[in-house]
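Engineer: First, the structure itself, so that you have it in front of you.
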Amino acid sequence: MALAGSRDSTDQDGTGESFILRSIKIAVVVTLYWFISITMVFLNNYLLDNKDLDAPIFITFFQCLVSVGLCRLMYFLSTLFPGNIDFPSMKFDLKVSREVLPLSIVFIGMITFNNLCLKHVGVAFYTVGRSLSTVFNVIFSYTIIKQTTSLKALLCCGVILGGFWLGVDQEGVAGSLSWTGVIFGVLASACVSLNAIFTKKVMPVVDGSIWKLSFYNNLNACVLFLPLIVIFGELGSIFNFNRLGDPQFWGMMSLGGLFGFGIGYVTGLQIKFTSPLTHNVSGTAKACAQTVLAVMYNHSSKSPLWWTSNMMVLAGSSGYTWVKGMEMKKAPAQIPQVTVSKEMTQKNHPDV
């Protein structure tokens, strides 16, 4: 469906691009999205699982700092090569920074809880542990912006909830359950949904530019993370870390920030070459592949019910995406904007 839609739009533009060429481009973009997203999750898990450096907030802070630096770099390059690079102005405006601050607070909660969940549950259970963002979308759509959800979408949420609880149960049976990680996953899911709502409200402040929003979000986060690093006692762990002078360590840290920045670009590319609906389906399939890769990498043995919980979460998420897509086609003006702005959230932060 996405391929046909993309071809039609190309034909209308009069570019004469063949179906095969268009298909190859889409395949390359989707593959790039999968590669960057999956690699980033495994890389973050590697960094957060470092036994010698128990400083998840510092790691998150550094990745935000890298994103700010890359935004500035891209803006600088766009001024040097205006015909080749199109990037919005990254000049700092204190007023804009203040207006983005409420979103930045939610953003900090989202990325911090996201990383803490990954740290405690690992990559294999990560999909299930972070699966409730769709459910929170429905809850916050009703409680905050007073928008109801169809019965079909609610049934999909029920499937997700069932998969989540079955997954928690099976992790407990296997003796690998981390309630701390589960709680962080639930909090991260709630923040993802709130981030979508706040993003829609703040977008006019940054002239609708997701890159400007990313710049101010990450910049505000860098400032707010500094006291949190002190409050949570990470300074001692940082200064006692024996690899502070190791270029390989900083290279991996910088690579994590680079992939976090890059996911915003490839997410936009995938939506551009396919559609928001196809992008969400691709993300769901990617999560499935990510789980399989994690189990294979760790040489784990999982029960049939554990795999069932993952399939329930993925099926419920895919079903919800499909239902919302059909509803948007029938009555775009009546569909909750939280769903529409999910792509904004994903471009704001990696793999949410």
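Placement of Cβ uses the backbone N, Cα and C atoms for every residue, glycine included.
What TrEMBL lists as transmembrane segment is 20-43, 55-80, 100-118, 125-145, 177-198, 218-237, 249-271. The domain 'Sugar phosphate transporter' feature in TrEMBL is assigned to 25-307.
Tell me about the surroundings of these features in the structure.
Structural biologist: A Cβ distance under 8 Å defines the sequence-distant neighbours of the transmembrane segment (100-118), meaning residues of its chain 6+ beyond its ends; these are 41, 44-45, 48, 56-57, 59-60, 64, 126, 129-130, 180-182, 184-185, 187-188, 191-192, 194-195, 198-199, 201-202, 205-206, 213, 216-217, 220-221, 224-225, 228, 348-349, 352.
A Cβ distance under 8 Å defines the sequence-distant neighbours of the transmembrane segment (249-271), meaning residues of its chain 6+ beyond its ends; these are 29-30, 32-33, 36-37, 39-40, 43-44, 46-47, 59, 62-67, 70-71, 210-211, 214, 243, 278-279, 282, 343, 346-351.
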Engineer: The transmembrane segment (218-237): which same-chain residues, six or more beyond its ends, come within Cβ distance under 8 Å?
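Structural biologist: The answer is 53-55, 57-58, 60-61, 64-65, 67-68, 71, 92, 97, 100-101, 104-105, 107-108, 111.
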Engineer: If we skip the immediate neighbours and take only residues 6+ beyond the ends of the transmembrane segment (125-145), which ones have a Cβ under 8 Å from one of its Cβ atoms?
Structural biologist: 41, 114, 117-118, 153-154, 156-157, 160-161, 163-164, 167-168, 171, 176, 181-182, 184-186, 188-190, 192-194, 196-197, 287-288, 290-291, 294, 309-310, 313-314, 316-317, 320, 336-339, 342, 352
